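One structure is given below, encoded as structure tokens.
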Amino acid sequence: MQRDDGFVYCYGNLYSLLLYWGLVTIRVRSPDRGGAFSNRWTVCYALFTRSFMVICFMATVMTKLRDPEMSAAMFGHLSPLVKAIFTWECLSCSVTYIEYCLSLDLQKDRHLKLVARMQEFDRSVLMVFPHVQWNYRRARLKYWYGTVIVGFCFFSFSISLIFDTTRCTCGIPSTLLMAFTYTLLTSSVGLLGFVHIGIMDFIRVRLRLVQQLLHQLYQADDSSEVHERIAYLFEMSKRCSFLLAELNGVFGFAAAAGIFYDFTIMTCFVYVICQKLLEREPWDPEYVYMLLHVAIHTYKVVITSTYGYLLLREKRNCMHLLSQYSRYFSGQDVARRKTEDFQHWRMHNRQAAMVGSTTLLSVSTIYLVYNGMANYVIILVQLLFQQQQIKDHQLTSGKDVDIVGPMGPITHMD
């Protein structure tokens with residue numbers, strides 16, 4: 001793989017999956033083959049895929065509900081609250097998928113420009129620093145093969161959960177279609193999350209490269225060539241900040257919708273698992289699959305927040321090191337002017353990875369999600385205890401009342 005095709009080599013397969021899932025209408029190619037593009041064929045394919053997945057999933061759910069035998073097998077043993085949880089999950093996975101598609105469609109032009117700038121980024125760096133060696137193989141190993149492994153596990157857990165939830169051998173075709181479409185809908189959350197993480201890591205690695213090159217140039221002899229290269233690194237850091245701002249614009253809303261979906265499904269499944277533990281009933285595979293689902297969503301929330309924090313830390317370190325330019329070349333007016341201009345620019349450009357438009361994506365996001373999840377689970381468990389106490393009180397009251405015989409009319413003579 002040529003170095004000019006590094007972005008496609010690392011992330012091209014992930015973007016192909018986004019297109020196959022119907023999430024985007026963009027197809028990514030190397031610059032020699034025209035670069036990223038969107039045409040009527042990709043749009044038609046995406047619209048067909050979206051319609052097929054959402055309509056087929058909702059149709060299979062309605063089929064299960066309308067058939068008395070299948071409905072009794074799936075929902076007859078569940079409490080009203082757990083039924084509401086499963087209903088919410090069916091609606092939320094479809095709504096989140098639609099939100100993803102609409103958000104990315106609205107940002108399509110911006111997305112195309114972002115991909116084009118990332119494809120051009122490395123080639124421009126090699127023109128000034130030809131000795132730089134990009135480790136594309138490591139990035140591909142981490143994101144493409146990592147996505148395949150996690151995706152295979154998620155597919156296995158989701159399909160197994162649906163088959164175990166149906167609790168009925170009747171309606172196998174509808175069960176297969178429901179399991180397949182549900183898995184595609186829910187896996188879209190993780191797939192887009194991996195692409196978001198990959199681009200954050202792309203920017204983080206370039207900011208680290210700026211620091212490594214600066215350390216070398218700060219120790220070099222004072223010459224015009226050194227100052228020209230340092231000036232390029234200033235521009236390179238600004239381009240990274242611009243890419244980060246564009247990344248937030250393209251993926252910010254989708255990332256917020258994805259984390260909210262992770263929060264809701266983990267809250268619901270953790271409550272169902274807690275209910276099973278409190279009632280001291282024997283476990284069945286359905287709850288094991290729920291626990292594995294929670295583990296996958298936990299993994300996504302943790303690594304997304306972690307990469308957001310690592311990007312923020314790398315950016316701060318890079319900005320701080322650039323601000324030391326005038327200190328290393330104290331006798332140069334060009335260094336002093338460049339540092340002053342950069343400090344002024346830095347005051348007005350404090351980009352960081354965001355969830356939505358206001359929430360910083362950092363380690364604190366993990367606390368925010370799990371603190372909220374714990375609070376809601378505690379409330380639901382308290383509600384479960386209250387329902388159990390009411391039920392026990394009703395049973396006790398029934399045992400305390402003994403009917404001896406029929407009571408006659410009561411008059412004033414009594």
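Along the chain as shown, residues are numbered 1 onward.
Here the Cβ of each residue, glycine as well, is placed from N, Cα and C on the backbone.
Taken from Swiss-Prot, the feature topological domain 'Cytoplasmic' applies to 1-5 (among others).
The topological domain 'Extracellular' annotation in Swiss-Prot covers 27-40 (among others) and rests on similarity to another entry. Tertiary proximity for the topological domain 'Extracellular' (27-40) is limited to same-chain residues at least six positions away from its ends with a CB under 8 Å from its CB atoms, namely 4-5, 7-8, 11-12, 15-16, 19, 108, 112, 115-116, 119-120, 123.
For 62-142 (among others), the entry in Swiss-Prot reads topological domain 'Cytoplasmic'. Averaged across the topological domain 'Cytoplasmic' (62-142), pLDDT for the predicted model comes to 88.
As a summary of secondary structure, the topological domain 'Extracellular' (164-182) carries 14 helix, 0 strand, 5 coil according to DSSP. Among the features that Swiss-Prot reports, topological domain 'Extracellular' is placed at 164-182 (among others), with the record citing similarity to another entry.
The feature topological domain 'Cytoplasmic' is assigned by Swiss-Prot to 204-249 (among others), with similarity to another entry given as support.
The topological domain 'Extracellular' annotation in Swiss-Prot covers 271-291 (among others). Taking H, G and I as helix, E and B as strand and the rest as coil, DSSP gives the topological domain 'Extracellular' (271-291) the counts 15 helix, 0 strand, 6 coil.
What Swiss-Prot lists as topological domain 'Cytoplasmic' is 313-364 (among others).
According to Swiss-Prot, the feature topological domain 'Extracellular' maps to 386-414 (among others), an assignment based on similarity to another entry.
Sequence-distant neighbours of the transmembrane segment (6-26) (same chain, 6+ residues past either end, Cβ-Cβ under 8 Å): 36-38, 42-43, 45-50, 53, 100-101, 104-105, 108, 111-112, 115, 118-119, 122, 134, 136, 139-140, 143-144, 147, 184, 187-188, 191-192, 194-195, 198-199, 202. Taken from Swiss-Prot, the feature transmembrane segment covers 6-26 (among others).
Annotation comment: Swiss-Prot describes 41-61 (among others) as transmembrane segment.
Taken from Swiss-Prot, the feature transmembrane segment covers 143-163 (among others). Here the transmembrane segment (143-163) has long-range neighbours at 10-11, 13-14, 17, 175, 178-180, 182-183, 186-187, 190-191, 194, 197-198, 201, 285-286, 289-290, 292-293, 296, 299, meaning same-chain residues at least 6 beyond its ends whose C-beta is under 8 angstroms from one of its own.
Through the fold, the transmembrane segment (183-203) approaches residues 7, 10-11, 14-15, 17-18, 21, 23, 53-54, 57, 93-94, 96-97, 100, 114, 118, 139, 142-143, 146-147, 150-151, 154-155, 158-159, 162, 240, 243-244, 247, 251, 254-255, 258, 261-262, 265, 296, 300, 303-304, 307-308, 310-311, 353 of its own chain, all at least 6 residues removed from its boundaries and within a Cβ separation under 8 Å. Annotated transmembrane segment per Swiss-Prot: 183-203 (among others), in sequence order, evidence recorded as sequence analysis.
Sequence annotations record features per position, and here Swiss-Prot assigns transmembrane segment to 250-270 (among others) based on sequence analysis.
Annotated transmembrane segment per Swiss-Prot: 292-312 (among others), in sequence order, evidence recorded as sequence analysis.
Tertiary neighbourhood of the transmembrane segment (365-385): same-chain residues 81, 259, 262-263, 266-267, 270-271, 274-275, 278, 301-302, 304-305, 308, 355, 359, selected by CB-CB distance under 8 Å and a gap of 6+ residues from either end. Residues or ranges marked as transmembrane segment in Swiss-Prot: 365-385 (among others).
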